[in-house]
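Chemist: Quick one: structure below, then a few questions.
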Amino acid sequence: MMRSHYCGQLNESLDGQEVTLCGWVHRRRDHGGVIFLDIRDREGMAQVVFDPDRAETFAAADRVRSEYVVQITGKVRKRPDGAVNANMASGAIEILGYQLNVLNEAETPPFPLNEYSDVGEETRLRYRFIDLRRPEMADKLRLRSRITSSIRRFLDENGFLDVETPILTRATPEGARDYLVPSRTHAGSFFALPQSPQLFKQLLMVAGFDRYYQIAKCFRDEDLRADRQPEFTQIDIETSFLDESEIMGLTESMIRKLFKEVLDLEFGEFPHMTFEEAMRRYGSDKPDLRNPLELVDVADQLKDVDFKVFAGPANDPKCRVTALRLPGGASMPRSKIDEYTKFVGIYGARGLAYIKVNERAKGVEGLQSPIVKNIPEANLNVILDRVGAVDGDIVFFGADKFKVVSEALGALRIRLGHDFELLTCEWAPMWVVDFPMFEENEDGSFTALHHPFTAPKCTPEELEANPATALSRAYDMVLNGTELGGGSIRIHRKEMQQAVFRLLGIEAAEQEEKFGFLLDALKFGAPPHGGLAFGLDRLVMLMTGAQSIREVIAFPKTQSAACVMTQAPGLVDAKALRELHIRLREQTKVE
């Protein structure tokens, strides 16, 4: 072996021993005739000292520059008093180098590895192989490896089998666009890359593999955000003969064990909250419970006011009128209120009403707002009491369709929590349960809230009679306002699956064409089953404190779904296209 130790493994217990290191020169310094090299590898850094007594080695060290690849042999020794570096794992020792081999030279990198904050992300992604040398990036990928190892260990110990499912499959409606792969041998036909292993893992349950897991690559051709990539990794889990409480208990234990092993954090039992309560109190089905702010419904106090902005929604069962109190916010300048008004407009809100509570004892005179003249004082007092308003607070209001108000004030709640540093703790895991089966569209049609294979909490007859109010056996694990994982008990009876398809507008012929294999499987003794899938990239992002999942993926795509390093996607030559029976249409020029 070319090395005896990694740099990050060196400590005082090795004092006096000979070691051989391999890595990159992170920094070179010349102090008073002595050369110091900081050597970096994936596990950390170590300081190597070369003195002029060994002329040949000293001369070699003098020629070395940053990012040269080197092999160094030397003796471990404790650093002198006052020279200990507490910021380095090996900071209590140094290596007295007496042999240095340059394994490869390096050109000057396109950006310094010590000063990266002002380097654009595109440059970092173009030279990702250099960007990943930075200790901050290496730390994230090492922690990602520890996370997957911990999860595999837990699932292996609990009787789960790691089974791979196909990457080349067929398109099924799962909510996003598919990535399509043309078939050379079947002219005009296409494979689809899987958005998830959903149907295959259900078929594994039918086949009798009652505890399955896979760390699976998934693909979705959708618009990208901070927590989205066209290809992403999923911790996919499915079980038979367990109900939702047992699946939730098992996967909660896995996450609690993971945080203890990797971050030395202990979580208590995760609280449970229904979807209805989460939307009512927080305006989100993935609430951040670190934030103490809550939405409070006040429609009952505004039904009869002479102010249509409030009275209209207050009397419409499809709308809501909601208040959000910000403690100590009465001193907020108008410019900041205007900024928040613009912010909620992103979510469809047509304005942001507010009341500043300056001195409640003075009644209406102690309130500052353009809307107080439209609301009777008795109603104002009920509203202020209900939200817990005291002097110095500001209360914001939303009045519109239920979805608009929930999303707008829910997002404002998160924004205020961060802007005013209101978060009460570092971690807040929870479960959200009792999701609706369907979302009703403007035209009265239905969309599956999770996916079409989620089991409802009712019979097929009850489901078809009252689809708008049906609840599902779905559950989401949420951490700090981020959905870590989502799952459900699946439909295991053919009649129920067909009923759900019908409600989604998928008639018998289309059912057979797209899902015939699943319906066949449900006829042959499908067991009760359910599961859950975690987004590995999001989980690592949270555990490392990264701002984007691009920071925790070795070679991510940009927000335009491109790889600037390999220049993918790229053009394909005409011969390859002919073999795939594809002819490109000329782009119409826009004048």
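Cβ coordinates are placed from backbone N, Cα and C, and glycine is handled just like the others.
Features from Swiss-Prot:
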BINDING   Glu174, Arg220, His450, Arg490  L-aspartate binding site
BINDING   Arg220, Asp221, Glu222, Gln229, Glu483, Gly535, Leu536, Asp537, Arg538  ATP binding site
REGION    198-201  region 'Aspartate'
SITE      His31  site 'Important for tRNA non-discrimination'
SITE      Gly82  site 'Important for tRNA non-discrimination'
Chemist: With H, G and I counted as helix, E and B as strand and the rest as coil, say where DSSP puts Leu536 (ATP binding site).
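Modeler: Assignment for Leu536 (ATP binding site) reads helix.
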Chemist: Just how spread out is the ATP site if you go by the largest Cα to Cα distance in Å among Arg220, Asp221, Glu222, Gln229, Glu483, Gly535, Leu536, Asp537, Arg538?
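Modeler: The widest Cα-Cα gap among those binding residues is 20 Å.
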Chemist: Can you give me the same-chain residues 6 or more apart in sequence from Glu483 (ATP binding site) with a CB-CB distance under 8 Å?
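Modeler: Correct list: Lys286, Asp476, Met477, Gly535, Arg538.
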Chemist: Ten-angstrom check, please: count other Cβ atoms within 10 Å of the Cβ of Gly82 (site 'Important for tRNA non-discrimination'), all chains counted.
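Modeler: A 10 Å sphere around the Cβ of Gly82 (site 'Important for tRNA non-discrimination') contains 5 other Cβ atoms.
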Chemist: Over the span of the region 'Aspartate' (198-201), count residues by DSSP class, listing helix, strand and coil in order.
Modeler: 4 helix, 0 strand, 0 coil
Chemist: Please list residues from the chain of Arg220 (L-aspartate binding site) whose Cβ is under 8 angstroms from its Cβ, counting only those at least six apart in sequence.
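Modeler: Same-chain residues close to Arg220 (L-aspartate binding site) (Cβ under 8 Å, separated by 6 or more) are Ala176, Arg177, Asp178, Tyr179, Gln195, Arg228, Pro230, Phe232.
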Chemist: Just to verify a number: CA distance, Arg490 (L-aspartate binding site) to Glu222 (ATP binding site), in angstrom, no decimals.
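Modeler: Counting only the Cα atoms, the answer is 25 Å.
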Chemist: Counting only other Cβ atoms and using a 10 Å cut-off, which of the recorded positions His31, His450, Arg490, Arg538 scores lowest?
Modeler: His31
Chemist: Looking at the recorded positions Gly82, Glu222, His450, which has the shortest Cα distance to His31 (site 'Important for tRNA non-discrimination')?
Modeler: Gly82
Chemist: In angstrom units, rounded to an integer, how far apart are the Cα atoms of Glu222 (ATP binding site) and His450 (L-aspartate binding site)?
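Modeler: Glu222 (ATP binding site) and His450 (L-aspartate binding site) have their Cα atoms 17 Å apart.
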Chemist: Taking the Cβ of Leu536 (ATP binding site) as the reference point, list residues of the same chain whose Cβ is under 8 angstroms away and which are at least six residues distant in sequence.
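Modeler: Listed in sequence order, they are Arg144, Ile147, Thr148, Ile215, Phe232, Thr233, Gln234, Ile235.
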